[in-house]
Structure formats: structure tokens, C-alpha cells
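Copied from TrEMBL, the annotated features are:
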- HIS133: active site, proton acceptor (ACT_SITE)
- ASP126: Ca(2+) binding site (BINDING)
- TYR128, ARG142, GLN208, TYR212, THR320: substrate binding site (BINDING)
- LYS221, THR225: Mg(2+) binding site (BINDING)
- 15-118: domain 'Fumarylacetoacetase N-terminal' (DOMAIN)
- 202-364: domain 'Fumarylacetoacetase-like C-terminal' (DOMAIN)
Amino acid sequence: MSFVKVEEKSDFSYHNLPYGVFSTPDNSRHRIGVAIGDQILDLSAIKHLFNGPALGPHQDVFEQPTLNAFMAVGYDAWREARKCLQMLLAANESTLRDDASLRSRAFVQQTSAVMHLPAEIGDYTDFYSSKDHATNVGIMFRGKENALMPNWLRLPVGYHGRASSVVVSGAPIRRPRGQMRPDAGKQKLVTYSMQCLFLFYVAARDIQAWEYVPLGPFLGKNFGTTISPWVVPMEALMPFVEPNPVQDPVPLPYLRHDDPYTFNINLFVAVKGVCHNRQQVRVMCCVSSQYMYWSMKQQLAHHTVNGCNVRPGDLLASGTISGPDPESFGSMLELSWRGSKTIDLGDGETRTFLKDGDEVTLTGHCEGRGYRVGFGLCEGKILPALQQ
């Protein structure tokens, strides 16, 4: 346990220690920090304490304005950093606990911090890894007989997204303009899709429906993706690993791995309508990330099998995650079944698609015995489209 007080339901337990980039009103410099409880530990203030063989020669990575350099030093350094942080934050370790001057420089209240994108994202790839979601969308657009395309069970389907429009939690997203079918009427079909790890994107389904043949989504999906400011280490997630789903047909050798790499992360989406007065908003969806059919290892293997390189800071998203029941549908497209059903937001508000002023919040955590490993808030508000 840690000398830093952490509430049992906090996302940021001693077992988590996610990385992020922050600034403060009195210091606008972007710094790398680690979340614990309601605090941020400024790693630039304690970089001299990372003196192991892997990180000792690279202490300057914690002086950088993004996590890219730290990501680039590799697994041994990440593991050493986590071990060092858990040692420094332990209740029986005096280095930080008993040094009041160092503590005052190193710890910042999260409420006093401004969070930024954790990395410079060079490329963003979005996959389509949930079988239930892919089946639901296929039924809507192609019917039950052709719900899954022939390739879906044989490879992790994905497309290249737009890194320039990835924003950190709290930044609003403006309703897009684009071309629709001439008989489609006023643009309105804006939805959210919940993904792991750890983001949601906003999609203009009517723009997408007109433009995506034959090359896939363009304006309909490139205008806004929101991510959490916190990067959770894979080591923090390993206690929550689950057996991989049975894959039939058996994938090609480059996509096979025997080690479990499916995680039980509880994911929740809430929508607050523009006229909503209550503090408590309705949770629209609750689903576990274990409903992913294709693992993150398989996504990365497929992404690179042709020689494509990936770089530190690149963002790979799972695609929308849905379970078998309506309460576990991870997109508004499914919850409203392509606009044919209304969704109750409470206070007399209903939706089929998002309206201007609506706020979407994604949260997620793994539940341990007396602690959580969570991702913090991932939220954004829909702004009206710009006038022509």
C-alpha cells in the first residue's frame, strides 16, 4: 500500500499508476506525471531517483513534453520505472514520504492540473474487433444472412483514422459538415462509439453512408476522436487477463498466440442531454472488453505483417465493443437500431442520435479486491456545426 491516500473506488490506485501529461496555472510547461488517488506525481521533479540500469542513462525522458521518448526506451525501462514508482510510493518507504520539500515540488492535486494529449500521435488505426458489434451493424445494413463479411472471421479488419483530430478528454467536438445523399435531408445522424483502449469517436452516419463506397469512411469519421489523458501500463492490467475466445476458423499462423491477452475491463457510457438538469446522468451501456474477438496482439501483428512500421505514440483502437444484449451495445447506432428506436435519457429527454449540446462520458475500470485499475474520464460535448 501507499502513503498517499487512495479511496477504494478511485481509478488511480497504487496498483495502477497510469502516465499522463499535465500543466498547472503557475507552470505552463507540459510535464509527465503519474496519477495516484487524487494527486499527480510530477516525474520531472523526481527523475534523479530513476537510477536503475535501464532508465539511469535515460532520465531525461521525464523532462519531455510528451510520453513518446519514454515509450521509445522499451519494455525493460517501463518495467523498471513501474517498480521504482511502486517502491517510492510504498507506505514503508521514506524517500518521498519524509521529504516535505521534495513532496511539495513533486505532488500536484489533479483538480489543479490541466491535462493534455499524452503523446504526439503520428498515426491512428481503428479496428473492428467485436463480433457482436460487427454482427449488429451487418444485420442493419445487409440483413442477417450477410451480417459478417467473409473476411471478418479470418483477419482483424481495420482502417486508417485521422490522428490530427484526436483530442484529449474535455475538449468539445463540433458537428461536421459534409456531403450526403441528395434526398437525405438535413444532416443529423451523429453517434458515438465506445472503444478500448481508451477512447470514443463521434461519427456522422449519414455522411458516411453516402461517401464510403468503395474506399471506406472519410469525412464521416475523421472529425473527432476523444481519448483519456491517462495511459495505463499493461502490467497493471495483467491481473485481469481472461482466456482468449475460441476462434473458428483457426486464424493463420501469424495471428495465433496461446498466451491469454483478453482483458476484463468494465466499460460504461453515459449521455447527458442538453436540457438535462440532474447531476446523475443515465448510463446507456455497460460492457466488458472481453467481448473483443480479436486481441490487441493480433491487431498489431496484422497491422505490421506486410512490413508496415509503427512508431512510439501511434494509436491503435479496438473498434466499438458490444456484448450480446441491448444493455451492452457500445454504440448509439446499435442502441437506437439505426434510428428506429428512441433512447430514454431521463427528465423526459429521448434520443435516436446525438444533438448539439449533448455530452458523452466514457469510463472504464478493472475491479480488484479492494482496489480499481481505471482509465479516468473520457468525455466530450457536441458543438453546433459552423455556419456556411
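Cβ from N, Cα, C; glycine included.
Overlay of TrEMBL annotations on the structure.
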| residue | record | Cβ neighbours (10 Å) |
| --- | --- | --- |
| ASP126 | Ca(2+) binding site | 24 |
| TYR128 | substrate binding site | 21 |
| HIS133 | active site, proton acceptor | 29 |
| ARG142 | substrate binding site | 12 |
| GLN208 | substrate binding site | 19 |
| TYR212 | substrate binding site | 15 |
| LYS221 | Mg(2+) binding site | 25 |
| THR225 | Mg(2+) binding site | 26 |
| THR320 | substrate binding site | 30 |
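Under DSSP, ASP126 (Ca(2+) binding site) is assigned to a strand (E or B) in the three-state scheme. THR225 (Mg(2+) binding site) falls within a strand when secondary structure is assigned with DSSP. In this structure, the CA atom of GLN208 (substrate binding site) is 7 Å away from the CA atom of LYS221 (Mg(2+) binding site). Using a 10 angstroms CA-CA radius around the residue listed as 'Ca(2+) binding site', the binding-site residues that qualify from ARG142, TYR212, THR320 are THR320.
Take the Cα of the residue listed as 'active site, proton acceptor' and measure to each of the binding-site residues ARG142, TYR212, THR225, THR320: the nearest one is THR320. The secondary structure of GLN208 (substrate binding site), as reduced to three states from DSSP, is helical. Annotated pair ARG142 (substrate binding site) and LYS221 (Mg(2+) binding site), C-alpha to C-alpha distance, rounded: 20 Å. Binding residues for substrate (TYR128, ARG142, GLN208, TYR212, THR320) extend across at most 19 Å, taking the greatest CA-CA distance.
Secondary structure of the domain 'Fumarylacetoacetase N-terminal' (15-118) per DSSP, as helix, strand and coil residue counts: 48 helix, 27 strand, 29 coil. Of the recorded residues, THR225 (Mg(2+) binding site) and THR320 (substrate binding site) place their C-alpha atoms 13 Å from one another. Taking CA atoms as the reference points, LYS221 (Mg(2+) binding site) and TYR128 (substrate binding site) are 14 Å apart.
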